[in-house]
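In what follows, a structure is listed as structure tokens, so that the remarks can point back to it.
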Amino acid sequence: MEEETETRVFLSNEQHQEEEEEEEEEPSLPRSMVISLYLGYFLARWGARTWEFSVALYMIYLWPNSLFLTAMYGVVESGSATLFGPIVGQMIDGMSYVKVLRLWLVTQNLSFIVAGGAVVALLVVPDLKSQNFPVFATLVVLTNLSGAIGVLSTLAGTVLIERDWVVVMSEGHSPAVLTRMNSVIRGIDLSSKLLSPVITGLIISFVSLRASAITFAAWATITVWIEYWLFISVYNGVPAIVQSDERRSLRSSQSQAEETDSASSFYVPLLHEEESYRNTQSRSRILRILERISESSFVSAWRNYLNQEIVLPGVSLALLFFTVLSFGTLMTATLEWKGIPTYIIGIGRGISAGVGLAATVLYPLMQSRISPLRTGVWSFWSQWTCLLVCVGSIWVEKEKIASYMLMAGVAASRLGLWMFDLAVIQQMQDLVPESDRCVVGGVQNSLQSALDLMANLLGIIVSNPKDFWMLTLISFATVSLAGILYTIHLYRIRKHLFHLEKIPLLNNFFAS
């Protein structure tokens, strides 16, 4: 089994040169459709990344000197994704692409409009918490729920585009096409992560928080129509996507037919054995309950995921979400509390995303030479090394210097982080069957959200920004665990970690 896995992982790289020679004979992807896909994805990710950055600033403003509201939002968002992520993946599998697009885009943008409106209402009356706490609490809950629904619907779009459409569009082409599309998609996400915080930070610093919330709601209102038009154009313009949609519909109808046959075969014997049924009625009820639980969407999705060959890389990637060492809500709120200007935080987040963009350029070059599997291990431990700077900042007495060390360590680590992310995603695309892609993608995102939820729960427990150093150490320990798991996966497949005989200093030792 391990030898087969190694063969499958390295197959695309072993044949890379031969397929490059045949690339000219392959049908090329319609350029206009690829551009439409990228542009639609950019618009969708811009809104999601803007909200991701802004919500932490809104919450720390509404409840100063505490990470409580910020962490509470994170708990609601991550909790919803954890509970419903696998179900979202199965829903996508059971729906046509057009229905998924409508559900994703309408739900995401409508939720963001409501969240932006609720924030504006909170900011219009600065003393609302003391004047009318029930109204304040209601608006905060509305912000949390609508924001969480928006992020959950974004999950559907991420699974659809990153895990399905990109793979379908690249079928019949050389592996380099899939690698390039993965890199561009990740680059678009990181570009949004780079630019949206900078622009939002400038609006907040030089205009107002209220203006940023109004701008965000207006963006969601306008772009939903453009996004739908772009994605529908891609659907209609790429035959491979239409054919994949037809295969999905066929699988769905066959699955329903099998369930019907199974139900019939279960009940027919019962009609002929009524007396036996009465004697074992209570036991049958228990068995039926257990069967329903085992056959539920949630359990079957997780069972599917755990049976995949890439489960260890997936868990390693998910563990990286159990961290505050990113420009997420908790770290952003802490930096704001420490007195770092909002536009500086936005620029720092932008630099971090810029470093991540470099990963999308470096990854295709690296994986073509040493495979996605080995690229993953090298990129992971380079990220880990950069995070040592964040750990070192704990013992720096000057708060401003410590804050800038924290930001620098996080920003530098993004190169390794996003290369590792790309390496794991490509392994999933290579090794997960087409029929399981959306389900596995949904569970993967759910697992990531579960770990993110745990990080936010820690933020509630350790809500004083002065104690952020505790969260830093816990996060670093979790990242280390993720690296160990991925290294174990590498060793299981390759039976070794390094080619020690290729190291000059050890060459004589092996020769002797």
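Heads up, the Cβ atoms here are built off N, Cα and C, so glycines get one too.
Bear in mind that the values here come from a model prediction, so they are computed numbers and not experimental data.
Swiss-Prot lists 17-27 with the feature compositional bias 'Acidic residues'.
The feature region 'Disordered' is assigned by Swiss-Prot to 1-28.
The transmembrane segment feature in Swiss-Prot is assigned to 55-75 (among others); the stated evidence is sequence analysis.
If you look up Swiss-Prot, you'll see 105-125 (among others) marked as transmembrane segment.
If you look up Swiss-Prot, you'll see 133-153 (among others) marked as transmembrane segment.
Look at Swiss-Prot and you will find 187-207 (among others) tagged as transmembrane segment, backed by sequence analysis.
For 214-234 (among others), the entry in Swiss-Prot reads transmembrane segment.
Sequence-distant contacts of the transmembrane segment (310-330) (same chain, six or more residues past either end, CB-CB distance under 8 Å): 52-53, 55-56, 59, 67, 70-71, 73-74, 197, 345, 348-349, 352, 376, 380, 387, 390, 407, 409-410, 413, 417, 420-421, 423-424, 427-428, 431-432, 440, 444, 447-452, 454-456, 458-459, 468, 471-472, 475-476, 478-479, 481-483, 485-486, 488-489, 492. According to Swiss-Prot, the transmembrane segment annotation covers 310-330 (among others).
Here the transmembrane segment (343-363) has long-range neighbours at 53, 179, 183-184, 186-187, 190-191, 193-195, 197-202, 204-206, 327, 332, 335-336, 375, 379, 407, 410-412, 414-419, 422-423, meaning same-chain residues at least 6 beyond its ends whose C-beta is under 8 angstroms from one of its own. The annotation transmembrane segment is assigned in Swiss-Prot to 343-363 (among others).
Long-range contacts of the transmembrane segment (376-396) within its own chain (CB-CB distance under 8 A, at least 6 residues past either end) are made by residues 313, 316, 325, 359, 363, 366, 370, 402-403, 405-406, 408-410, 412-417, 419-420, 423-424, 427, 469, 472-473, 476, 479-480, 482-483, 486-487, 490, 497. Residues annotated as transmembrane segment in Swiss-Prot, with sequence analysis given as evidence: 376-396 (among others).
As annotated by Swiss-Prot, transmembrane segment applies to 405-425 (among others), with the evidence given as sequence analysis.
Annotation comment: Swiss-Prot describes 442-462 (among others) as transmembrane segment, evidence class sequence analysis. Note on the transmembrane segment (442-462): residues 67-68, 70-75, 77-90, 92, 155, 158-159, 301-302, 304-305, 314-315, 317-324, 329-330, 428, 468, 470-471, 474-475, 478 of its chain, located 6 or more positions outside it, place their CB under 8 angstroms from a CB of the stretch.
Using a Cβ-Cβ cut-off under 8 Å and counting only residues 6 or more beyond its ends in the same chain, the transmembrane segment (468-488) has close neighbours at 312-313, 315-317, 319-320, 322-325, 330-331, 334, 376-377, 380-381, 383-384, 387, 390-391, 393-394, 406, 420, 451, 455, 458-459, 462, 497. Residues or ranges marked as transmembrane segment in Swiss-Prot: 468-488 (among others).
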Could you give the residue numbers and ranges of same-chain residues that sit at least 6 residues beyond the transmembrane segment (405-425) on either side and whose C-beta is under 8 angstroms from one of its C-beta atoms?
162-163, 182-183, 186, 190, 310, 313-314, 316-317, 320, 325-327, 331, 335, 348, 351-353, 355-356, 358-360, 362-363, 366-367, 372-373, 375-376, 379-390, 392-393, 396, 472, 486
Answer yes if the transmembrane segment (214-234) and the transmembrane segment (133-153) have at least three CB pairs under 8 Å among residue pairs 6 or more apart in sequence, and no otherwise.
no
Cβ under 8 Å to the transmembrane segment (133-153), counting only same-chain residues 6 or more beyond its ends: which ones?
48, 51-52, 55, 58, 62, 69, 72-73, 76-77, 79-81, 84-85, 88, 103-104, 107-109, 111-112, 114-115, 118-119, 121-122
Close approaches to the transmembrane segment (105-125) from elsewhere in its chain (Cβ under 8 angstroms; 6 or more beyond its ends):
44, 47-48, 51, 55, 58, 61-62, 131, 136, 139-140, 142-143, 146-147, 149-150, 153-154, 157, 208-210, 213-214, 216-217, 220-221, 223-224, 227-228, 231
